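**Student:** The domain 'EccD-like transmembrane' annotation in TrEMBL covers 113-437. What TrEMBL lists as transmembrane segment is 115-134, 140-159, 166-189, 195-215, 222-243, 249-276, 297-318, 324-340, 352-370, 376-396, 417-435.
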Amino acid sequence: MGATYSRVTVVGRRRRMDAVLPVDEPLGKLLPDLMQMLDEPVERWPRRRFLTTVSGEQVAPEYSLASARLGDGAVLRLMAEGELPPAPTVYDITEETVDDLDRRATAFQPRHRRALAGAALVVSVLAGVVALVTQAESDLALFLLLVLTTLTGFVGVVLGRYQRPVVGIPLLSIATGCLAIGLVVWAIAGGWSVPMAYAAGAAGVGIGAVLFAGAGLARGGVLGGSVTVAFAVCWIGGVRLGIDADRVGVVAGALSVLVLGLLPRIGLAMSGLTALDDRRAQGVEVQRTDVHAAINAAHLGIALATVPVAMSSVASAVVMLRSWNGWSISVAVLLAFLLASRARLYPLLTEVAVLCAAALSIMLVLTFVLSTKEAGGALIAVGLLVVVGMVAAFGMRPESPQHLQARAAQLLDAIEVTAMIAFVPLAFGVFDLYAKLLNVA
């Protein structure tokens, strides 16, 4: 019976060669021939030679390719005792160029093609829907939107449940867009103002996020969608009840502060981590993938929920600053501070960035309104911008010692509690409660 051979690549100091070696022959016996074929340089003092794998693991000289479990196509490097691994050397430019794309995460892959095709499908369908609602009668447009939303939503949920996200995600995106557009059309046909119609559309987006969660494609969508719907209902309900916009903004701002304090706990509770912990305590085996999925769902839900909180907070500040009185200005400033302060509760970059961007937007709106006022408003605006810049510069400082960070956190906690306590009487001032009490007295 003939010997069995295997093709391996051996890399030396000067050369790189493909060799066909017997799989049962000890590699130590083959080293002299390999050194000669690789044209290894002669050294003044003898040193022990050995072969290593790509991962740096040394192959014992008594091992053969079979005993070392080195399959066909393995890459071995010839090393000397006490020698450091050499710098990467390119032996074949063409091969290196071809393999370059495999190492790049940005290389165009089939999954990217499917994602782009799905995005193109969603954009084209929604563009056609917008063209339809601008030309057709409102009743006909609403009926067609209802049919399209129902069909795409149902099929998308079913496909998501059967692990077909490539088609399920575009269909659910179309359903969400159609639902939002339909609610906007319905609100405008009912005589609602444009901002309230957009708030109704935001509620449709929140419902769409719940659809994604129901399809198993985004478990955190329940929390994000629920928060979006809650804020949309707050704004729409307040305006429909005839409450002044600045007062609705105060209520929405207070709701934002409350929700920001509860979101981390709600996200963890809705993720299923508690249920997994209870199962583990009962002795039931819990898979690591289930735990990771629950943690990802918690982070996704919290990240999605911070977006409507931030947008509602900015809208609250804008409508309060339009009334331009001391109470509303004070509430807007406190709201900006609480948004930035409560961002410390959130661990992910996206969550912190969204909340800090909302706080900065409120301060920029305040400075813009101040700059249009007379009696030194521009100077006050410049002063506020200087304060904001100083806070930003303080955030660029080098890392402080742990004890200083702890003291700063305690100080900021005390200021935050004071701001939350002051928020309540200032909100009462926006509702003219003190003036009414004085008139009664």
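Each residue, glycine too, has its Cβ placed from N, Cα and C.
Automatic prediction, not curation, is the source of TrEMBL annotations.
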**Student:** If contact means at least 3 Cβ pairs within less than 8 Å, sequence distance 6 or more, would you call the transmembrane segment (352-370) and the transmembrane segment (115-134) in contact?
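**Tutor:** By the criterion, they do not touch.
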**Student:** Thinking of Cβ pairs under 8 Å, which stretch from 140-159, 297-318, 417-435 has the most of them with the transmembrane segment (222-243)?
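**Tutor:** So the stretch in question is 297-318.
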**Student:** Are the transmembrane segment (166-189) and the transmembrane segment (115-134) close, by which I mean at least 3 Cβ pairs under 8 Å that are 6+ residues apart in sequence?
**Tutor:** yes
**Student:** When you scan the chain for residues with a C-beta under 8 Å from the transmembrane segment (324-340), skipping those not six or more beyond its ends, what do you find?
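**Tutor:** For the transmembrane segment (324-340), the far contacts come to 246, 249-250, 253, 256-257, 260, 310, 313, 316-317, 355-356, 358-360, 362-363, 366, 369, 373, 416, 419-420, 422-423, 426-427, 429-430.
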**Student:** Taking a Cβ cut-off under 8 Å, which residues six or more beyond the ends of the transmembrane segment (297-318) line up next to it in the same chain?
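**Tutor:** Cβ under 8 Å, 6 or more out: 202, 206, 209, 218-228, 231-232, 234-235, 249-250, 252-253, 255-256, 259-260, 263-264, 267-268, 270-273, 332, 335-336, 339, 346-348, 350-351, 354-355, 357-358, 361-362, 365-366.
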**Student:** Against which stretches of its own chain does the transmembrane segment (195-215) lie, if we need a Cβ under 8 Å and a gap of at least six residues from its ends?
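**Tutor:** Residues 153, 156-157, 159-161, 168-169, 172-173, 175-177, 179-184, 186-188, 221-222, 224-229, 231-233, 235-236, 239-240, 304, 308.
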